[in-house]
Amino acid sequence: QLRYSVPEDREPGSPVGDLAKDLGVEVRSLVARNLRLVSEGGQRHFQVNLAAGVLLLDSRLDREALCGQNPTCSLHLQLVMENPLQLHRVEVDVLDVNDNAPQFPKPEVVLEITEVANPGTRLPLEVAEDPDMSSNSISTYELSPSKHFALSINVRGDGVKMPEIVLEKALDREKVAVHHLTLTALDGGNPVKSGTAKVTIHVLDANDNPPVCDPPISKVHLEENVPVGTLVTKLNVTDLDEGPNGDVEYSFKISNNSPGKFTKLFSLDPRTGEIRTKALLDYEESSAYEIAVRARDKGSPAMEGHCHLRVELIDINDNSPEIVLTSLSSPVQEDATLGTVIALIGVKDSDSGDNGQVHLQIAKELPFKLVSSFKEHFSLVTNGPLDREKASGYNITVRAVDSGSPQRATQKTFYLRIADVNDNAPNFSSPFDTAHIQENALPGTSVFSVSASDPDEGSNAKLSYSILDNGMQDVPISTYFRIDQDNGTIYTVRALDYEQDKVFQVPVEVKDAGSPALSSTAVVHVFILDENDNAPTIVYPSVPKGSAFHQTIPVLAEPGYLVTKIVAVDADSGHNAWLSYQLQGTAEALPFQVEHRSGEIRVAQVLKESEDPHRLVVEVRDNGTPSLSASVVIVISPEENSVQDFAKSLDLPRSSPKDTNLTLYLIISLVSISLVSCVMFALAAAR
């Protein structure tokens, strides 16, 4: 809070104070911080020279017009600076100069006094007016020399000096009927200024006792807002005369110091002298009233006395506090540091004393607190962490309570919005997912859709998906799969081959559009499902395409004799790789048979001695859908001196159905164990 003073007669443009120096800021920063001046009264008397950082007068000041008769005259200003937001209060005291001369309400005053008046009789005079204050106001009065009259000065309760003419020597109307005097009012300025009024005193006869007010000056204390018609006081006036000369009538005495204002608030009974209220009194409008009453008798000539009453009001708590939201910074970033200024709040209460002492409160659970800047001004600052994801805004209710009895309170609610910052990384619904796709699916086939969420808002919650290359495959993963960056759907880039790759680990990254961007990753395990896309391949016997395999056997071979064994493999897996062997049908009955599962060709019946060579077509077929097959042509020639390649099998007995079933069970068990092991290894790798 800054305080300056300036005489009221300074010319516009005169410097009042060095703001930049007193605020402790550099002059060149005032423009950037948008320094501006706000007058609390709504009138503009000052301006700021931003180039020099100086407060200047904008117009000539007239202290009397601004503050009237108040002993102090201060103009209140507010300086607002931004970046950061600051509010400074400036008080400028307007100093009085002696620019007004005393002046009487009337240039000529006519008084009457009876010739029988005793020495010491007082004749009240009109009080001169001087709008200046303190030492520049009226200091004393002087009266031109007179044999019969002298000047007496009394001081009223409010400090106003009241001149009275005092009779010092008995009058004789027959000698001098009219006395002409000059009354001079002098102020205490330098140089001294003065004003004069002509006083004409007519000396009358008869009624020689004026009404007397007891006491002549009195004081009454009265609460504001008392009901209309409340008795303020009853004047005690006595007149020693009898009859009409002692019959007193009362009337208000109007002066330019209080030009009839109190007559709108008080009534006077002309017969009884009772003063009552006739309107509601407001302490905030005026704390005291000076009432002058004239008491005049009905003598001839009439005589009058004067009573002065000072009514001082007692303030009651009849005004609620007023909350003024000077400035509000909304929205505020959720990562705002402790102590960040959110709002500047002013409060005022028109009452006085404890009734005007105001305290501000906000709810304790809010992450804010009120800090007193200076008198009647507060700053609302952060007092805890803000999290937009928990609360996107706050309805802040500021409650102002005064210290009166009973207390009066008011409240003001405003909404503060919390701005989002990118403080939350996106999260996948699951860090690991599993997907399956048939091999040979067309490029562009949808495999799986990942989903992520981000509690932030706006661009901080706008997500984009991408596939990371983890280097686990020989070929970059992006050559197999792609992902829609907007919705997270994974598509194939090319046809997949189960026989080449049975499972893929596809690392997916989701990233928001904040600054800096935040991200997280998840892994999708894509399992390739086998299709029957490979026909069986005959490994043994290996013969060129279109050729036949020739095999000789002894002519005396008995049934069950092992001729040869067809060995075939299938690149597929599971039931697609289960192979079966059979002879393609011919018109003639052949003395040979093929084992359905093992592919062994054995003699089925006794051969004839002159048996011709037999041509067999052996077909190998898998168990897929649709089934695929391969075939080989074997020519078996019975010869007497033939030697069996499978010597150890010459005496093998015929395979029984029991042995065939056992082989099938072993194959099924082996495949099952292999599948379970693959699944367990995949789960272990994923975890």
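A Cβ is built for glycine as well, from the same backbone N, Cα and C atoms used for every other residue.
TrEMBL: automatically predicted annotations, no manual curation.
The domain 'Cadherin' annotation in TrEMBL covers 5-104 (among others).
Per TrEMBL, the feature domain 'Cadherin' maps to 105-213 (among others).
According to TrEMBL, the feature domain 'Cadherin' maps to 214-323 (among others).
Annotation comment: TrEMBL describes 324-428 (among others) as domain 'Cadherin'.
Confidence across the domain 'Cadherin' (429-538), taken as the mean pLDDT and rounded to a whole number, stands at 88. TrEMBL lists 429-538 (among others) with the feature domain 'Cadherin'.
The domain 'Cadherin' annotation in TrEMBL covers 557-655 (among others).
Residues or ranges marked as transmembrane segment in TrEMBL: 662-686.
The list of residues near the transmembrane segment (662-686) in space but at least 6 beyond its ends in sequence, with Cβ under 8 angstroms from a Cβ of it, reads 432, 434, 502-503, 505, 523, 525, 527, 574, 578, 597-598. Residues of the domain 'Cadherin' (105-213) grouped by DSSP class, helix first, strand second and coil last, total 3 helix, 54 strand, 52 coil.
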